[in-house]
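These notes are about the structure you will find just below.
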Amino acid sequence: MSSHPWLQPIVFADGRTLPTRILPGPMEGVTEGSFLSAMSRRGFVNAWFTPFLRISTGVPRRSRLQHWLQPFLHTGMPVIAQIMGIDSAKLATTAAILHSLGATCVDLNCACPSPTVIGNGGGGKRLCEPDWITRTLDAMREACGNHAISVKIRVGFDSPAELPAIAEAVRAARPDLVFCHFRTVRELYRPISDGLQRLAKARDLLPDCILFGSGDLFTADDAEAMRQQCAVDGVIPARGLLQNPALLRDIHDHCHNRPPTPLSDAERIDFLRDIAAASGQRPGANHGFVLRVAAGLYGRDSALFRALATCRNLRMANECLNRADAATAPRIGKDQP
C-alpha cells in the first residue's frame, strides 16, 4: 500500500469506509444515468457522491429515497448521499433513512450557487446563517448516531471574509468530513486568482476536520498544487471529469509517482458512445448531454463536436459516433476493471 495520505482509506465509526481521499465531486444533471454507468464500468471512480436531493415539503417516502439512491448503490461502491433543504428536522430524518438504505455518508449541501436554489433559500444561501449549519448538523448527528455526516460549503456567500464565521459553525458541529469549494456563492464558477489562498485559510480555520478541497481541479498537477499549498486531506474534482473522465485515475497515478495515461481517441469515442446509449431513453431523445460531454473531451472547435452538433437526436448521435469509431484504432478499455 502506498504511503501517500490521499490513498489511505477513511474508516468511519460505524465501520463503513471510503477507499481513498480522491473522490468524484457531485454534479447536478451529470452524475446520473449513462455517465454513472460509463464511469463505473471503466473503474474511473471507486466511490460516488450524488447530486443533491432537495428536501422541501416533507420527508420523502422510504421507497422514493431507495429509488433515488439505488443506481449509485448498484455500482457496488461506497456512496455519499447529498441532501439540501431548510428544515433541519426533515433533513435529519432523511439522513437517517438514507443511512439505513446503505449510504456510507450523508452530506449537507450548503454550497450550490444555482440562482433557483438560492432563491428558494437552499444550498449556498444557508451560508448566510452559520448557526443554522450547526443546528442542522447537530440534528443530523442525533438522528444518524455513529453513521458519517458531512457538509459541503463555499468560502462565503458574498465574500471570503465570511469564512471564519462559517468555519466556526462547522467546527462546532464536528462533522466527519468537510468539502470546501474555494469560490463564494456569488462568484459561481468565474475565474478567481486567489482560490488556493482561500482554501489554505479554510485549512487553518478547520485544523481538526478531514477537509477535502474543491475548485478548478482539471489535472493531477492541479490536485498536487492544492495539496502542497492548502494541506487538504483529499480532493473532489467535478467539472474536470467532463474534460477527462480518467482524472481521478491520473491523480491516483500521480500519488504513486506514476505518469498519467492519457485516454486514447478510441477510448474517448467509446466513452461518448456509452453516454449516447443512455439506457432507458428513446433513440429520438435529445442528445444535449452527449454534446456537453463531447465539448469537454474534444472542445467545441473539434470536427467531432461540430458533427455531433448537426445531429437532431440520440439515434443520429450514435450513428455519428459509430462512424468516428470506425475511423479510429480498435476499441480498447471498455470493460477494464
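Here the Cβ of each residue, glycine as well, is placed from N, Cα and C on the backbone.
Curation does not apply to TrEMBL; its annotations are automatic.
What TrEMBL records for CYS112 is active site, proton donor. In the three-state DSSP reading, CYS112 (active site, proton donor) counts as coil.
Sequence-distant neighbours of HIS181 (FMN binding site): residues of the same chain at least 6 apart with a C-beta under 8 Å from its C-beta are ALA111, LYS152, ILE153, ARG154, VAL155, SER214, GLY215. The FMN binding site annotation in TrEMBL covers GLN82, LYS152, HIS181, ALA238, ARG239.
If you look up TrEMBL, you'll see 26-268 marked as domain 'DUS-like FMN-binding'. Averaged across the domain 'DUS-like FMN-binding' (26-268), pLDDT in this predicted model comes to 98.
Of all residue pairs in the FMN-binding list (GLN82, LYS152, HIS181, ALA238, ARG239), the one with the greatest Cα separation is 17 Å apart.
Sequence-distant neighbours of ALA238 (FMN binding site) (same chain, six or more apart, CB under 8 Å from its CB) are PRO24, GLY25, PRO26, MET27, SER214, LEU217, listed in sequence order. Looking only at other Cβ atoms within 10 Å, the busiest spot among the binding-site residues LYS152, ARG239 turns out to be LYS152. The secondary structure of ALA238 (FMN binding site), as reduced to three states from DSSP, is coil rather than helix or strand. With a 10 A radius on its CB, CYS112 (active site, proton donor) counts 24 other CB atoms from all the protein chains. With a cut-off of 8 Å between CB atoms and residues at least 6 apart in sequence, the same chain places PRO26, PHE49, THR50, PRO51, PHE52, LEU53, VAL106, ASP107, LEU108, ASN109, LYS152 near GLN82 (FMN binding site), listed in sequence order.
Rounded to a whole value, the Cα-Cα separation of ARG239 (FMN binding site) and CYS112 (active site, proton donor) is 14 Å.
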